[in-house]
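> Take a look at what Swiss-Prot says about it:
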BINDING   GLY11, PRO12, THR13, ALA14, VAL15, GLY16, LYS17, THR18  ATP binding site
BINDING   THR13, ALA14, VAL15, GLY16, LYS17, THR18  substrate binding site
SITE      THR102  site 'Interaction with substrate tRNA'
REGION    159-163  region 'Interaction with substrate tRNA'
Amino acid sequence: MNKIPLIVIVGPTAVGKTALSIEIAKAVNGEIISGDAIQVYRGMDIGSAKITQEEMEGIPHHLIDILNPDEAYSAAQFKVHAEKLIEDIYSRGKTPMIVGGTGLYIQSVLYEYEFVEEDQALKKELMDHYESLDKETLYRLLTEKDTKAASQIHINNRQRVLRALTYYEMHHKSITDQKKSHTLSSKYDTYIIGLNMPRPTLYDRINRRVLLMVEQGLVQEVETLISKGYRQSQSMTAIGYKEMIPYIDGEVSLNQAIENLQQNSRNFAKRQLTWFNNQMTIEWFDTSELTIESIVEQIAANIPRDDNDEFS
């Protein structure tokens, strides 16, 4: 039985994944599954650089605006949703595509992650105990028990703090050392495309994108989310949102908030590139040297297909 062909487009923030993905989808009769951890949330549009209906140009997109900002979402949930969508898209004669920058989400689909089974009764007992504690106490406990995890988790990201504490108590080791077993080969016929450009060019694009976000109403978007009661939600710790809260609270100037967002976005892009290079076999394209048309042409010649595929 032939494997289902799957096109994956990855790359750092602001590199141009959206525009290229639309052109590829047109060329291969594709539908796009968003591989972004924040674009699943309704009302978090500007800060996540969510694609607009106009930008979609009629290409169907999935896993965008499916949750409220106070609802949790994980790689395990993404895996279930994405696998169902891939089969559905393919069954309708279309080419499934995953586009995004949340590496663990995408990897969970490609490499058959099996999320570790745990003692659910013990886990619930621990979670119930920790749920009664305030965030300062929770974070202090995590710092005492698992310094490495605490250094990588924001104090306001209550769900991740809870998960790290619970994992440590259950397994007596840091959640940062957790290994999720996966097979070395994918059940899909996968073509992974990576977009990149020289670091100075990418950083300049990031800086300009942040300024555009502010012009488009990022501060007002964050204020609206706060007014709806989402201030303490895990989603609000995402880059693009957490930097605006101190400005709204009167703790920093708008210029400082913008600089913080630009710096955090640049750091995130660097981490994304490192992660993708270490975790996946990718064919990279420099978007600063190649036109979208030339990239699409090269990609179309290498797209996985079965004997029944007909690409327009």
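A Cβ is built for glycine as well, from the same backbone N, Cα and C atoms used for every other residue.
Map the listed features onto the structure and describe their local environment.
Counting only same-chain residues at least 6 apart in sequence, those with a Cβ under 8 Å from the Cβ of THR18 (ATP binding site) are ALA49, ILE51, GLU55, VAL99.
Counting every protein chain shown, 20 other Cβ atoms lie within 10 Å of the Cβ of THR102 (site 'Interaction with substrate tRNA').
Tertiary neighbourhood of the region 'Interaction with substrate tRNA' (159-163): same-chain residues 72, 127, 130-131, 135, 138-139, 142, 153, 175, 234, selected by CB-CB distance under 8 Å and a gap of 6+ residues from either end.
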> Mean pLDDT, the region 'Interaction with substrate tRNA' (159-163)?
86
> Take the region 'Interaction with substrate tRNA' (159-163) and count its residues per DSSP category (helix H/G/I, strand E/B, coil), listing them in that order.
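Here the numbers are 5 helix, 0 strand, 0 coil.
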> So if I draw a 10 Å sphere around the Cβ of ALA14 (ATP binding site), how many other Cβ atoms end up inside it?
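So the Cβ neighbour count for ALA14 (ATP binding site) comes to 23.
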> Just jot down the residues in the same chain as GLY16 (ATP binding site), at least 6 apart in sequence, with C-beta under 8 A of its C-beta; none if empty.
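Result: LEU195, THR287, ILE292.
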